[in-house]
Amino acid sequence: MALPPAVRLMAIGTMVVFCYLCAQIFRAPSSLSAGGKDAVKFSDMPRDPNLDPTGEPPEPLHRVSGNNYAPDNVNSNRINATILSLVRNEELDGILQSMRDLERTWNHKFNYPWTFFNDVPFTEAFKKATRAMTKAEVRYELIPKEHWDVPSWINQDLFRESADVLKEHDVQYSHMLSYHQMCRWNSGMFYHHPALKDMQYYWRVEPKVHFFCDVDYDVFRFMQDRNKTYGFTINLYDSPQSIATLWPETVKFLAANGHHQHPNNAMKWLTDKERRPDHNVQANGYSTCHFWSNFEIADMNFWRSSAYEEYFDHLDRAGGFFYERWGDAPVHSIALGLFEDARKIHWFKDIGYQHIPFFNCPNSPKCRGCVTGRFTDGEKWLNREDCRPNWFKYVGMSPEWAVQNDD
Ligand SMILES: Nc1nc2c(ncn2[C@@H]2O[C@H](COP(=O)(O)OP(=O)(O)OP(=O)(O)O)[C@@H](O)[C@H]2O)c(=O)[nH]1
Ligand SMILES: [Mg+2]
């Protein structure tokens, strides 16, 4: 029996809408998973702890009182610590933006010095503009050639050939020699600079980053008082193609230097193969999870320890800073995960932070300018790069944020 034209039209319309909805459902990536066999099982972090109300770590904390942190107070409560930044003259606007945020949220209260590093001399314009951003002391340091230059054992032809191969695998900056030099300097050189001889703690800052939350305690004294070695805000997966032999070299190092491993290490976090199995396979046994090192608040004594120095020398000789694109983030993270007590690594949940395209944005009235709990403002699939669930799973939250078990 033929249907009347109006009913037929309605049926066709319904079919079209139905097909459209199906297409949407199957096409759209979920906000938390990327699909495919490399999909992230977000069930292991059912709720982002950034959504929970966040206050300060428990007292005692060192705060401003009278002139105890005044810039010119020679008996101030500051300890041997500096904010530090490796930066190019051309990145002046970007670093001014970062300074403005960090001064507004924290350093105008505590007045820790800023130390800027560069492989070429800073211009007067750079010095004048950065000095104007802070009441604190500002230092400008040239990196010694022997810390920056490509080491003698690196073969430049092999570097270029390897860079071609990396490029085929979409490894960013593979041909940019200075990027490799920067990663090596940040991994194993900066803390040897004579200007940092008497410094123990540093807060690393890059151009164009944002800080969102007022922090009203001395974070360096927090590190010291609570016996922390390393503080991070964001924990990510790395591009496995950039570090294919980093883990195999690490395993070689451990075979001869196993005594450096800490009994309470984070090996399970380093070697997880459940959440992103492909990453573990491509990185030959390393999950690629790392602390995103454009933000670091850390104790340089760890980098100066024999465990780290020997590890860095081993890696440096192996050549992967140039023949691959080993970053300071995975190198630092692997070393911390192996040689340090995991309880000495602190998630600075309360420090709102962004380096494009990722955020740490806690739920706190002290924060302005970021969306609570939002991990990225980029494409949805970037959410799968969040590796904090693994840190929480294998190591736990910093005791300061978890059920108040003690350090
Ligand atoms: N002085 C100097 N600083 C550098 C050089 N290369 C990188 N840097 C600095 O090192 C830090 C990291 O470099 P970036 O280019 O931001 O590297 P990245 O964060 O991996 O890359 P982006 O995602 O593009 O920001 C930044 O603070 C740069 O200013 C260099 O050749 N000379
Ligand atoms: Mg950067």
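Any Cβ shown, glycine's included, is placed from N, Cα and C.
Per TrEMBL, these features apply:
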- 43-73: region 'Disordered' (REGION)
- Glu296: active site, nucleophile (ACT_SITE)
Where DSSP helix means H, G or I and strand means E or B, what are the helix, strand and coil counts for the region 'Disordered' (43-73)? 5 helix, 1 strand, 25 coil
Which ones in the same chain are close to Glu296 (active site, nucleophile), with CB under 8 Å and 6+ residues apart in sequence? Tyr202, Trp203, Arg204, Tyr230, Gly231, Phe232, His332
Work out the three-state DSSP category of the residue listed as 'active site, nucleophile'. strand
